[in-house]
Amino acid sequence: SVSRASPNLTFVPACLPPDPMEVEELQHFVSNSKRLFVMTGAGISTESGIPDYRSEGVGLYAKTDRRPVQHAEFVRSASVRQRYWARNFVGWPQFSSHQPNKAHLVLRDWEKLGKLHWLVTQNVDALHSKAGSQRMTELHGCTHRVFCLACGDRILRSELQEHFEALNPTWKAEAFGVAPDGDVFLTDEQVRNFQVPACRKCGGILKPDVTFFGDTVSQEKVSFVHQRLAESDSMLVAGSSMQVYSGYRFALAAREKKLPIAVLNIGPTRLDHFASLKLNSRCGELLPLIV
């Protein structure tokens, strides 16, 4: 089910309403596109109540010195995994309940109408899937899936939540604030007695099916996305500053192919100096105006 309530703007930077001229320019851009390649980032999900890292004034980096878990630390350290999973366990019920907003639904509708050739999201929140998008690649994976680093066995994150509950029947912790990707803030004391299950098949380490900071996207997935981009005639970036190279490389490839590029994001991006069109509006406010 998709929430029809007003957007949650707690984690959305302030911006002016869409300018009619900007609406007209984006309408022209989309109308001229026959095989539109869309890349989305955290800024498309902030209106669903999920905070991001980089938004000015409201992102995690602006409000705290906390940083996301690093891949090497997670693999190397049992205490890092314990802290990660404890915080993820507390945050999961709220994070997994977030619903798509109008921007997600518009992109789903564009796909159904044949306007959208392929969608690549840098987000791990499953909101595009919940909205019904199918011609899609989750570039950095999805928190709703978990896999074993040893044997590769995969389970749903919701199933793992039940394992956590069974292992920690009396453990309780109240979170101090919420962060992106289902994380919450807990003290070391709160985390100390939390039990983390191992893979039920081989006893290996369980990890979310996401690309942590310091890890790389598989070459197979990168090649697949490049193929979809090669089939496209234009690119729209929505809700991303494109600071992370794993996504930025596709914008560079689009520029090399001389594809027109439109950017819809509150605040500056790495694409601003070569984009054909830059719009400084909320995705959920501007995209529904495009027919």
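Note that Cβ sites are derived from N, Cα and C of the backbone, with glycine treated the same way.
As recorded in TrEMBL, the features of this protein are as follows:
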type	residues	note
DOMAIN	16-291	domain 'Deacetylase sirtuin-type'
ACT_SITE	His140	active site, proton acceptor
BINDING	Cys148, Cys151, Cys199, Cys202	Zn(2+) binding site
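Feature annotations (TrEMBL) mapped to structure.
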residue	record	Cβ neighbours (10 Å)
His140	active site, proton acceptor	23
Cys148	Zn(2+) binding site	19
Cys151	Zn(2+) binding site	12
Cys199	Zn(2+) binding site	19
Cys202	Zn(2+) binding site	13
(message) I need the neighbours of the Zn(2+) site defined by Cys148, Cys151, Cys199, Cys202. Which other residues of that chain put their C-beta within 8 angstroms of the C-beta centroid, in sequence order?
(response) Leu149, Ala150, Gly152, Asp153, Ala198, Arg200, Lys201, Gly203, Gly204, Leu206
(request) Using C-alpha atoms only, work out the spacing between Cys151 (Zn(2+) binding site) and the residue listed as 'active site, proton acceptor' and round it to an integer in Å. (result) 20
(request) Using C-alpha atoms only, work out the spacing between His140 (active site, proton acceptor) and Cys148 (Zn(2+) binding site) and round it to an integer in Å. (result) 17
